[in-house]
Amino acid sequence: QPEEEGASVLKHAVFLQRLVRVFFGCLASVACGMLYAVYLSTYHDRKFWFSTRQELEREITFQGGSGVYYYYYKRLIAAPSFERGFYELVVDNRTVSGQTINAVERLSLYPELITSFIYRVTGSQDFVEPIYFYIGAVLGLQAVYVTALFVCSWVMSGTWVAGMLAVAWYVINRADTTKVDHGLPLRDNWALPYFSWQVTALTGFLRNKIGSSTEMFCYLTMSATTFTFLLVWEHSHYVLFIQGFCLFLLDSFDLVPPRKIADIHKVYLSSLFLAYMFQFQNTALLSSPLLSLLIGSVLASENCFQLGVGPLVARVMKLFLHFYLVFTSGITYSYLVKVNHMGAGHLDFILKFLEVKFGLNTTTDFVPNFLLCQESFQTPGQDLFLRLMQASVLPFYFLVLTVCLLSALQAIYRRLSGQPLCKTYSLENGGIGEHPEVVYHVFHTMLFGGLALMKYLWTPYVCMFTAFGVCSPDLWMTVFKWLKLKSIHPVVLSLILSTAVPTIIGFSLWREFSPRVLAELSELQEFYDADTVELMSWIKSQAPVAAVFAGSPQLLGAVKLCSGSAVTSLPVYSDIKLLKRTEDTYQVYAMRSAEDIYKLLTAQKTNYVIIEESICNELTLNKGCRIKDLLDISNGHIVYDKGEIYSFSKYGRFCHEIKMNYSPYTNYFTRVFWNRSYHVYKVNSVISFQY
């Protein structure tokens, strides 16, 4: 009887200890998220002097063409009812000249729909301005993002100290972890917080030591966030394809129970179906690589090409057959769908883009080269790794990745050799690579880094993964087991190091970087683009309401937001038709005749064309990515002489020649506005031949 009472007391004490740890961990994660949101809000106000600006000046702060998203939010708020506003967006003939578009589908406007709906039903218009509500929603999601990274690192390591370290590294490397400084309404800023929670839920779901109720909670969270992620970002299915491939590798090496993989496939398929319906039967989802991978995996599982039993060579052969069946069936399905639903031209463009991206071919076409010059598709430079090195992330990242990868390879070899994995996990075992969630994150970080995708998808998880590693006793125990340490008990030493190392890192980060972070809030910056304000004021006061403007997509986003005028193109890089219109508009920076430019602009029903000095006289080290260079290559105006590249044409560069104010340019165009940064020309409806 006394022994039973003692065991009961001990059990209650352990439960109480866990409860206290969970409470303080949750408190710390929420506090980190809230403090980060307050920090971003203060920084945003300091940078733009946002609270002291007029409405027009505030709207111009939405940079990089992101203002077009806020325009639709403002339009939904101004509509007499939410239903009417939604209908006007679905049948939108006031944005792109000569076209009626479904703006919700074309621009993935569900964040604006949901935010405007909440703004209406909560009666927020009585106490907060629409622009502050919108910004608050974006910054609130960034708090959710940080909280998810905290929880993910905490779940993997078992200590919320790892979460604190992950958040610290994330904030210190903010220039490389988030695009919130570049443009608040960008789709990435809305979507990636949901992806971070999806990854966190997936991490918990993959764990072996997990209760049924916790597993169900992770499953439901994963389902909701996967669907939301697909809904709010047009590129999300490519990101989920990489994730799905990581899970495919786990399944192929038999590191995860087939039941869990089947459940995850159900999440993917149901989310794709719902997103397909909500996005007005978006054919891009039907031909997505994620769906192709799922179909290939299902077919392979039906044919039972699993590891099974047998010698090592036979198992490896089965594995190769499994890979072959999955990829051939998936590629065949994707090809048939693209040809039947999207046309051969769209398929040719995708193939050409991928060939150029991975260095298998070159092209002179403007659109593929223009896309590859965007920051999202650029390979990160050395400065990124230098910044990560200075913040001490990179050295520890390589240490953690090396240990986890080698341990994972050991586990994979044992599975290929027919040996079962350890069923009872304890610190003494020292096999961190036998944890499915750890192996998943090894594949995750290697694939996202190796494919040179957006650094904003890779760097946050580098911070999280590294924080987990240095705070995990399992990682240190794995190292000591390899070293066969005998002088000091390895379990005790691993526990000491998993506490001491993050503590030392934390104090060094606090000493070196906290003054810099606080200085960003104390420094009074001023972002005020007087020339753009002057241009937008002129458009609102002088240009006709029905006028159509042509210019760069980034500027047209601001024009649409500030004036509501129709434009020839939009800053949307996932729509080939809009990209072709963008190429035609950009010809004003090429070496083309006045007549050619006039025909291109009138074909788009343009009334005014805006020429930007920053593009016309662009001076950058990366000359191959200047707009005028891309146009010269596409138009065949490049001459190679003794290893040097020159632009040559019988016509001068249009954006320079038109400023000379002589015929034939004055026959087709009339300058109506200019300042240091912009020149606005009216496209003459009647050509006057004056010499």
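Easy rule for this one: first residue shown is 1, then count along the chain.
Any Cβ shown, glycine's included, is placed from N, Cα and C.
The transmembrane segment feature in TrEMBL is assigned to 20-40, 131-148, 154-172, 216-233, 268-299, 319-337, 394-413, 456-476, 488-510.
With pairs at least 6 apart in sequence, the transmembrane segment (456-476) and the transmembrane segment (394-413) have 3 or more Cβ pairs within the 8 Å limit; the two touch.
Among the stretches 154-172, 216-233, 268-299, 319-337, the one making the largest number of Cβ pairs under 8 Å with the transmembrane segment (456-476) is 154-172.
Tertiary proximity for the transmembrane segment (216-233) is limited to same-chain residues at least six positions away from its ends with a CB under 8 Å from its CB atoms, namely 108, 110-111, 187-188, 190-191, 194-195, 197-198, 200-202, 204-205, 210, 239-240, 263-264, 267-268, 270-272, 274-275, 278-279, 285.
Between the transmembrane segment (154-172) and the transmembrane segment (20-40), three or more CB pairs separated by 6 or more residues in sequence fall under 8 Å, so the two stretches touch.
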